[in-house]
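Colleague: The following feature annotations were taken from Swiss-Prot:
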| type | residues | note |
| --- | --- | --- |
| BINDING | CYS13, CYS16, CYS32, CYS36 | Zn(2+) binding site |
Amino acid sequence: MTESRQTRLQVKCPTCQTAVVWKPENAFRPFCSQRCKLIDLGGWADGKYTVSSQTESLPEISEPDMAYR
């Protein structure tokens, strides 16, 4: 099947919102360019983005529990 016959998936660049065709030849996907990719990386490095997680409290371990068995 040729590319013109296939449905081409388009996504928006997370940085500049430009339409980007999702294909293996696009080395920067989902970004439109190296510049947008680096801007996003800089945002992560600056702490602008975070990944939330639920922290579970660890069970208390007493000294007898830590003894070798």
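The backbone N, Cα and C atoms fix where each Cβ goes, and this holds for glycine too.
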Colleague: An 8 Å radius from the center of the CYS13, CYS16, CYS32, CYS36 Cβ atoms defines the neighbourhood of the Zn(2+) site; name the other residues of that chain inside it, in order.
Modeller: PRO14, THR15, GLN17, THR18, VAL20, PHE31, SER33, ARG35
Colleague: Tell me the coarse DSSP state (helix, strand, coil) of CYS36 (Zn(2+) binding site).
Modeller: helix
Colleague: Whose Cβ, among the binding-site residues CYS16, CYS32, has more other Cβ atoms within 10 Å than any of the rest?
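Modeller: Max Cβ neighbours within 10 Å, all protein chains included: CYS32.
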Colleague: Mind giving me a neighbour count for CYS13 (Zn(2+) binding site)? Other Cβ atoms within 10 Å of its Cβ, every protein chain shown.
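Modeller: There are 19 such Cβ atoms around CYS13 (Zn(2+) binding site).
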